[in-house]
Amino acid sequence: MFLCFYVFMLMFKLLKTSNKSKARLTRLTTPHGLVDGPFFMPIATKGAVKNLTADELKGLGAQIVLANAYHLFLAPGSKLIKKAGGLHQYMNWPGPILTDSGGFQVFSLSKIRKISEKGAEFSEPSSGRKYLLTPELSVQIQKDLGVDLAMAFDDVIGYPASKEKVKLAMERTSRWAKRCLAAREQGNKRTKEQNKSILFGIIQGGVYKDLRLKSAKDLTALKFDGYAVGGVAVGEPREKMKPILDWVVPLLPENKPRYLMGLGRPEEIVAAVKEGIDMFDCVIPTREARHGRLYLWSSGKRQPLLPSSEQRLRPNQLKGKFYQTINITNSRYKTDLSPINQTNLKQYSKAYLHHLFATNEPLSMRLATLNNLKFYLDLMVRIREDIKAGLL
């Protein structure tokens, strides 16, 4: 364990902590390259970011992507992907990959799944075939995929839920976390090959302070390689994010990466960075692109994300301060010949993109996705620049 921890210590560096907030500049070294944080992971659930190629993602500035072990286990199968040389080779993505363990996906199958101490038993929706996904199997799947960052299998519970139900799920998550770590160690001994995935424990506990504190203490005692805050994007009111981070982040080791799962909007990312979070993922930029909702900078001129007068604003008060959203399907854009944006799509007009959506051209969703992911990835660049300059 000491050697494993020592090796990991060389892989994660805390480069700077802000004097204005708890924001951090970090660097993560993986077998597939460096990742500078804070960073955002585009969602490649089934091995692809919807509507984009791996080369396009790299061109946008993506450092790392997120895939889902549950979906890839069901199709095409983790064994086939292993045979292909791993997920990087299979999807032609040269950079690092993080996989979610499948806990959230099993949670979403609430009507056709059963949770027990063994794991999650569920029926695959299209075929009806039954599976038992255990912490041990989840670790094995992610090892077969050959990913750089892996997540422990957790018991996800939605909001609202009684404190007793949240407590039971949180305690089970802690027990499963121990099994995930043990499975990784046993797998290394059995195959005599090192599992190179960085393994994250997931802190749960809902909106209850005492449960969050207990979960954080239990998980940090297990010496995971990194820590994620889960249960903030499964129905909880948005205003619950800050108190949850206020409770949990002070208990997390400074020398390990911190990941806020599944959230959020640009202003929420900025607010969470100020609380000391390093890693983010969210479906918003790609999902909303498919419906014609575009994320754009409020000003074409490079300015600090948060002027001094806005540093103390809450996330809901930051909305629209440094960015705007438009619905390109609105009739007002039918004759708008201004560029879609001033970065990667200035050669296309808003009127053209409006036309593509109106005529159901597949290119419409591609261009909108390129716009939104470019915005999100540039947002992280600006965040890192502002931290470095002492502005955030």
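Placed from the backbone N, Cα and C atoms, the Cβ positions cover glycine too.
Taken verbatim from TrEMBL:
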ACT_SITE  D100  active site, proton acceptor
ACT_SITE  D281  active site, nucleophile
BINDING   D100, S101, G102, G103, F104, D154, Q204, G231  substrate binding site
DOMAIN    21-390  domain 'tRNA-guanine(15) transglycosylase-like'
REGION    286-290  region 'RNA binding'
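Among residues of the same chain six or more beyond the region 'RNA binding' (286-290), those with a C-beta under 8 A of the stretch's C-beta atoms are 42-43, 49-51, 325, 365, 368-369, 371-373. Each residue in V106, F107, M151, F153, D155, V156, I202, G230, M261 lies on the same chain as D100, S101, G102, G103, F104, D154, Q204, G231 and has a C-beta within 8 Å of the C-beta centroid of that substrate site, without being one of the site residues. DSSP assignment over the region 'RNA binding' (286-290) gives 4 helix, 0 strand, 1 coil.
Cα of G103 (substrate binding site) to Cα of the residue listed as 'active site, nucleophile': a span of 16 Å. Closest in space to the residue listed as 'active site, nucleophile', of the recorded positions given as D100, S101, G102, D154, is D100, taking the CA atom of each residue.
When secondary structure is read from DSSP and collapsed to three states, F104 (substrate binding site) falls in the helix class. The Cβ of S101 (substrate binding site) has A69, Y70, S138, Q142, A150, M151, A152, F153, D154 as same-chain neighbours under 8 Å, each 6 or more residues away in sequence.
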